[in-house]
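What follows is a set of notes on a single structure, which appears directly below.
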């Protein structure tokens, strides 16, 4: 299966987006998207694990037998998740505490095992790594957009507490979009995640059908499609 | 479906959705009048805002969905939702709060599921819960009866002048929930708006809803099963767990029947033909569930009143209830569970 990088990019970011189309990994998507910084933190961790696990899986793809491939893949993913967990403990301890159980849960994120099984186990090292990175990026983008919308609706601010991720230089990045905002609590609570994700999927489908309606249907020339020739 | 040919004489039945909705609106009139007596122009502003917003949002959404607007508006269902929500919201709610509540009710509660007849949840209660969860402070600021001057109220609703503490009164359910030290006798003596059973305004509004509900029952707009089951369950639960009138009291059965939104829920919310169960037996179970849940949340939950939450939870159960209470078709034997010889 040879797929061009352009196609991989389009697949990961739009056509086969893990968050909006495959609807995989919804648990962290719902659980950590209540503010931009949480979403970005988990998004970056997921990109790292996904890209590295795809790379590792594609390297060993000819060495593992099909019977033991799943345990082997999960071991790789768990090891990488432990790496990112220790890294976050070391460098962004506060964020690590806030994200809590969702960091170890990256191991069970279906996107990661799904890509390992569906792509990395069948493709070469470079394209697998790239696929992992782009898929992770698509997931992280959805996560961050939901996080931003929920933070904006819920508290009227954007980029609060970015110092948790970027250190003290980000301490004053908070942008109060609506001063004197009452706070729409529902957006920060779990239902807000379902509502925002649902609306995003609806928007994506709407855009898709708009594009589909605008592209002219080019019928292939009849001669090419002939299956049976009777004369 | 088999439609048997009928011979004359035909009796005409004028019952239509529009007719039904008109009767429901008429039945809320006593409660509206009593509520207006206690809270001045508050309920009127609420209901008027709700109707204006609801009709315009419905018209907008229906036109987005490319369906005939006048046809959808003519059945009046959106006006019933608006009136019920307007009566449920605290009087003198800010206009944006009303807009969010009715917006969620009409867009998310009704049209995202496919419009009238398709909604799994009661739209009015969905809108109520959204604002209750989102704006707990504003939603628990019930005005004290006959305290807020009309001009101040209008300024609060439309211009956003701050809500004064002097206007607020804790509802009876709130007071009971937050009481940890007084016996009930002492508690209600200190409470400035005590009535015979619960608070003055609350018991009269509940009575008015009961009156409207009995009118609808008499007109056979709905059957007795759901309301009776709900009131029965609530009364039974509060009887079983009635622990006297000490400081930890959960309140007497009569208190629970005439406090909060009990009668509104029993006669106007859980009798919704769309989001409730469909068979009579199913409606009875639906009502029982709502009554039990209301008491559980009131006595041990985090919110003082619980009609909206209970109704939404039971709405989720309605399809399952329907599945297990499917009435036997005339002429058919009762279905046996599992595999029966002769089945294909």
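Any Cβ shown, glycine's included, is placed from N, Cα and C.
Sequence-distant neighbours of the transmembrane segment (B:20-39) (same chain, 6+ residues past either end, Cβ-Cβ under 8 Å): 47, 75-77, 79-80, 83-84, 87, 91-92, 143, 145-146, 148, 200-201, 204-205, 207-209, 211-213, 215-216, 219, 221, 264, 267-268. Marked as transmembrane segment by TrEMBL: B:20-39 (among others).
Taken from TrEMBL, the feature transmembrane segment applies to B:45-64 (among others).
If you look up TrEMBL, you'll see B:71-89 (among others) marked as transmembrane segment. Outside the transmembrane segment (B:71-89), and at least 6 residues removed from its termini, the chain residues within Cβ reach (under 8 Å) are 17-18, 21-22, 24-25, 28, 31-32, 35, 43, 46-51, 53-55, 58-59, 62, 97-98, 101-102, 105-106, 109-110, 115-116, 123-124, 127-128, 131, 139, 261, 264, 268-269, 308.
Per TrEMBL, the feature transmembrane segment maps to B:125-144 (among others). Residues 39, 42, 81, 85, 88-94, 97, 100-106, 108-109, 153, 163, 166-171, 174, 192-193, 269, 303-304, 307-309, 311-312 of the same chain sit 6 or more residues outside the transmembrane segment (B:125-144) yet have a Cβ under 8 Å from a Cβ within it.
Annotated FMN phosphoryl threonine per TrEMBL: B:171, in sequence order. According to its DSSP assignment, residue B:171 (FMN phosphoryl threonine) is coil.
According to TrEMBL, the transmembrane segment annotation covers B:224-242 (among others).
The annotation transmembrane segment is assigned in TrEMBL to B:254-271 (among others).
What TrEMBL lists as transmembrane segment is B:283-300 (among others).
Sequence annotations record features per position, and here TrEMBL assigns transmembrane segment to B:306-324 (among others). With a threshold of 8 Å between CB atoms, the same-chain residues lying at least 6 positions outside the transmembrane segment (B:306-324) that come near it are 88, 120-122, 125-126, 128-129, 132, 260-262, 264-265, 269-270, 275-279, 282, 285-286, 289-291, 293-294, 296-298.
For residue B:171 (FMN phosphoryl threonine), applying a Cβ distance below 8 Å and a minimum sequence separation of six or more within one chain yields B:140, B:142, B:199, B:202, B:259, B:260, B:304, B:305. Residues 213, 217, 249-253, 255-257, 262, 265-267, 270-271, 276-277, 280-281, 283-292, 294-296, 299 of the same chain sit 6 or more residues outside the transmembrane segment (B:224-242) yet have a Cβ under 8 Å from a Cβ within it.
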